[in-house]
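According to Swiss-Prot, the NADPH binding site annotation covers Thr12, Gly13, Ser14, Ile15, Lys39, Gln40, Asn126, Glu128, Gly212, on the basis of sequence analysis. Positions annotated as 1-deoxy-D-xylulose 5-phosphate binding site by Swiss-Prot: Lys127, Ser153, Glu154, Ser183, His206, Ser219, Asn224, Lys225, Glu228. Per Swiss-Prot, the feature Mn(2+) binding site maps to Asp152, Glu154, Glu228.
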Amino acid sequence: MTPQVLTILGSTGSIGESTLDVVSRHPEKFRVFALAGHKQVEKLAAQCQTFRPEYAVVADAEHAARLEALLKRDGTATQVLHGAQALVDVASADEVSGVMCAIVGAAGLPSALAAAQKGKTIYLANKETLVVSGALFMETARANGAAVLPVDSEHNAIFQVLPRDYTDRLNEHGIDSIILTASGGPFLTTDLSTFDSITPEQAVKHPNWRMGRKISVDSATMANKGLELIEAHWLFNCPPDKLEVVIHPQSVIHSMVRYRDGSVLAQLGNPDMRTPIAYCLGLPERIDSGVGKLDFGALSALTFQKPDFGRFPCLKFAYETINAGGAAPCVLNAANETAVAAFLDGQIKFTDIAKTVAHCLAQDFSNGMGDIEGLLAQDARTRAQARAFIGTLR
């Protein structure tokens, strides 16, 4: 059996670490070609020592020199690269069959697009790729025969319960709607009057999932679910009026598909990202993920409620941007990323995140976003607008 050759972008983040955990359980199935870890050189060096990739990519020359020194000390022959072009190169290398796209934010877009242009199997954990460039990315993947497999737990759940021959047309398969579940984050029942005083330390403590700081804040505002709505729209060719969100605090049901005959099919499991990662990596097999069995006897209850747009305005913004189309999702993402970074840095209040996004969506922006250069230019303009607005809030 020829092993699948993988590039793992974002290997030092939570998705990357979970991916490597799954890969380590199946050495006969996978070989790691390249790892990319931005600035976490110590963690990346340890990964290189274990998995012996040909290449490791970091952010800049300074971090590359540090990583090279660590690898030389440990006798690891991995070649060190740095910069954005290096990410593109290891994602599109001829030797690579599959690319785990797990770089957080719009920074992951160029490398994901490069993988699509080369017809790779893309394990998509970077939701911003579809939020910022949905039409362009999916058209590029289709034109070059690239398979796009969703790693996000919600989209992976949908992928598992859709008909195996799903052809991007809900009506042809008797599908009424797609239902994304959301935990509601750590502030689901918190008094709204206290939201101004929420700290970054409180916001990053997700009740169920182990995630990075940025996505944890997005979960707290439900901006994450908003981005997932846009992602589902592009992944499954689903119109916004066929996309539902339901809050499910236990995070046991990861998403559902409602069929015309009244059936609702759901995917359940413990909240552990190794399950969707193993599902994607193993297709068409089901392989061991290391995740424990779901113990139904230990579940006290599964509860559901509708989201409150007053509590979670960022979710409302996402529905509006899907309907608006054009550059609106790109603006939403750039404004949110900038605002979350400012919040985590202690510059603004938790409630200022939504205010910043609303401000940027109210600005004039281009409707035509047909190429990567135009998308990145709009992304940069919105980030500048967001930073300027944040400056007025201090």
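Our numbering is plain: 1 for the first residue shown, then up by one each step along the chain.
Using N, Cα and C of the backbone, Cβ positions are placed for all residues, glycine too.
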Spatial separation of Asn126 (NADPH binding site) from Glu154 (1-deoxy-D-xylulose 5-phosphate binding site) - C-alpha basis, Å: 13
Greatest inter-residue Cα distance in Å for the NADPH-binding set Thr12, Gly13, Ser14, Ile15, Lys39, Gln40, Asn126, Glu128, Gly212: 22
Extra residues within 8 Å (Cβ to Cβ centroid of Asp152, Glu154, Glu228), Mn(2+): Lys127, Pro150, Ser153, His155, Asn156, Leu180, Asn224, Lys225, Glu231, Ala232, Ser255
Length of the line joining the Cα atoms of Thr12 (NADPH binding site) and Asp152 (Mn(2+) binding site), in Å: 17
Distance, Lys127 (1-deoxy-D-xylulose 5-phosphate binding site) to Asp152 (Mn(2+) binding site) (CA atoms, angstrom): 8
CB within-chain contacts under 8 A for Glu228 (1-deoxy-D-xylulose 5-phosphate binding site), separation at least 6: Lys127, Asp152, Glu154, His155, Leu180
Alpha-carbon distance [Lys39 (NADPH binding site); His206 (1-deoxy-D-xylulose 5-phosphate binding site)] in Å: 24
Long-range Cβ environment of Lys39 (NADPH binding site), under 8 Å and at least 6 residues apart: Val58, Ala59, His63
Surrounding CB atoms that lie within 10 Å of the CB of Lys127 (1-deoxy-D-xylulose 5-phosphate binding site), all protein chains: 28
